[in-house]
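*Asks:* Input: one structure, supplied below.
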Amino acid sequence: MAFANLRKVLISDSLDPCCRKILQDGGLQVVEKQNLSKEELIAELQDCEGLIVRSATKVTADVINAAEKLQVVGRAGTGVDNVDLEAATRKGILVMNTPNGNSLSAAELTCGMIMCLARQIPQATASMKDGKWERKKFMGTELNGKTLGILGLGRIGREVATRMQSFGMKTIGYDPIISPEVSASFGVQQLPLEEIWPLCDFITVHTPLLPSTTGLLNDNTFAQCKKGVRVVNCARGGIVDEGALLRALQSGQCAGAALDVFTEEPPRDRALVDHENVISCPHLGASTKEAQSRCGEEIAVQFVDMVKGKSLTGVVNAQALTSAFSPHTKPWIGLAEALGTLMRAWAGSPKGTIQVITQGTSLKNAGNCLSPAVIVGLLKEASKQADVNLVNAKLLVKEAGLNVTTSHSPAAPGEQGFGECLLAVALAGAPYQAVGLVQGTTPVLQGLNGAVFRPEVPLRRDLPLLLFRTQTSDPAMPPTMMGLLAEAGVRLLSYQTSLVSDGETWHVMGIPSLLPSLEAWKQHVTEAFQFHF
């Protein structure tokens, strides 16, 4: 699934020259313009399908909605706070980041902050520059034997843990996603948050800024902490409540804080920055030559690999699209879209609940990536959106009055005469169920409402299909249908029938293009519909 029409990319922030070179070597046109106003950014994007930014460019809803050609936004770094994800997703624009690019640099800065807090190195340096010699004022504390609480145990959190363990620190932590067994493998004991607060001598945060993490350290949690706790935030401004932190510093509950990020950057309120026990930097977490080179290289490689259909990594807002690049999953994504398109043509404008059912071991976890593809098939002809795709499908489906559920059946190979893996799409409470599978790399239709096709019907993007159901006992039906095709001037490209089910047979005809009307057909058959996905 290559983004074949992605041809031109705007780089709107300063990036390593390797980024431009990799993009150009991959066949993409590149424009580099920095310090653009919103209006200038919108103007530049009118001719670009791709945009690569760092943190300076703000990709707002206004920018996204005005950029008619934009398909992909790449963030050369981890956080995507400067990209309106909801607006991008709604418009079907893919958002990517480079989650590994600045991890080491951010981890090293965090470790440096911890050491500076322990020994007050920046304050002592400032004192020396003032011509003073204040040995007693800057009494520090050893890290050996102290407890470090790490909130967020992803790439950066675990790098911090392994480094600070070398200083003899005990590392405990919390992460709602990483299992205790995994964190134990890199030396971090996971505990509930309420047990972490009173144990820590130092606390460092490494979570994204979410509603659940905003103000994670606040007046209440500071009150539960050990008196004299030291806090580090090199993640995102807002995770630590800045007002609560200032109050904790003023009361002595917090002995020191090291901040690389702020709720507002640069901060207009200088109370924290100016506090004598606060060490601060102007958001330098990724500001190393190595990180900048790595992030620029990684985002460029991700763009080129995506365009060439090789792989898709670093996706922030479309798990299904990532799966669509897997050699195993790609044909199943195509099958899911085909069955969704079939279901819409068959059931009209379905309302209620669409059931997406997978069967077979290799599809055990595929429902969440196949259901968006089913939605694309259901909505692409009916949505008022210019483009329904795997990025925005789940966001748009509820607006269409549909609920989509997924379920899985671990059926044994050969059960019911089917292959090991199947995908079924059904309309709950209505007589509409289509079943398909993948043969080699070809999606095929296996059955409709229990009527099985032998052999299965290939589902190809270049072959419109006409489907109709008839009474099996009518010998005049085939010549009648051929006559209707002849009257319409349409050639028959393929023809298959199902096994008899409840005295009726399904017929599938491959035709060069969809017929203008099926009224003449419906006079001779039980039901008829056509589709092309």
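Residue positions begin at 1 at the first shown residue.
Cβ from N, Cα, C; glycine included.
Residues or ranges marked as active site by Swiss-Prot on the basis of similarity to another entry: Arg236, Glu265. Taken from Swiss-Prot, the feature active site, proton donor applies to His283. Swiss-Prot lists Thr78, Arg155, Ile156, Asp175, Thr207, Cys234, Ala235, Arg236, Asp260, His283, Leu284, Gly285, Ala286 with the feature NAD(+) binding site, giving similarity to another entry as the kind of evidence. Sequence annotations record features per position, and here Swiss-Prot assigns SUMO2 cross-link to Lys21 based on similarity to another entry. Feature annotation from Swiss-Prot assigns SUMO1 cross-link to Lys21; the stated evidence is similarity to another entry. Positions annotated as N-acetylalanine by Swiss-Prot: Ala2. What Swiss-Prot lists as phosphoserine is Ser14, and the listing cites similarity to another entry. Among the features that Swiss-Prot reports, N6-acetyllysine is placed at Lys21, Lys58, with the record citing similarity to another entry. What Swiss-Prot lists as phosphothreonine is Thr78, and the listing cites similarity to another entry.
Situate these features within the shown structure.
*Replies:* Listed in sequence order, Gly79, Asp81, Thr207, Pro208, Leu209, Thr213, Val261 are the same-chain residues at least 6 apart in sequence whose CB falls under 8 Å from the CB of Arg236 (active site).
Sequence-distant contacts of Glu265 (active site), defined by Cβ-Cβ distance under 8 angstroms and a gap of at least six in the same chain, are Gly237, Pro282, His283.
According to DSSP, His283 (active site, proton donor) sits in a coil region rather than a helix or strand. The Cβ neighbour count for His283 (active site, proton donor), using a 10 Å radius and every protein chain shown, is 17.
Shown in sequence order, Leu109, Met113, Asn233, Cys234, Ser280, Cys281, His283, Leu284, Gly285 are the residues of the chain, 6+ apart in sequence, with a C-beta less than 8 angstroms from the C-beta of Asp260 (NAD(+) binding site). Annotation note: Asp260 (NAD(+) binding site) sits in a coil segment as assigned by DSSP.
Around the Cβ of Lys21 (SUMO2 cross-link), the same chain contributes Ala300, each under 8 angstroms and 6 or more positions distant in sequence.
The secondary structure of Lys21 (SUMO2 cross-link), as reduced to three states from DSSP, is helical.
Within 10 Å of the C-beta atom of Ser14 (phosphoserine) sit 13 other C-beta atoms, taking all shown protein chains into account. DSSP classifies Ser14 (phosphoserine) as coil under the three-state reduction.
DSSP gives Lys58 (N6-acetyllysine) a coil state; it is part of no helix or strand.
Annotation for Thr78 (NAD(+) binding site): spatial neighbours Asn97, Thr98, Pro99, Gly101, Asn102, Ser103, Ala106, Ala286, criterion Cβ-Cβ under 8 Å with sequence separation of six or more.
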*Asks:* Check the Cα-Cα distances from Ser14 (phosphoserine) to the recorded positions Lys58, Ile156, Ala235 and tell me which is shortest.
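*Replies:* Result for Ser14 (phosphoserine): the nearest of the recorded positions is Lys58.
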*Asks:* Is it possible to get the count of other C-beta atoms within 10 angstroms of the C-beta of Ala235 (NAD(+) binding site)?
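*Replies:* Counting Cβ neighbours of Ala235 (NAD(+) binding site) within 10 Å gives 27.
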*Asks:* For Lys58 (N6-acetyllysine), what residues in its own chain, 6 or more apart in sequence, show a Cβ-Cβ distance under 8 Å?
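*Replies:* The answer is Lys38, Asn82.
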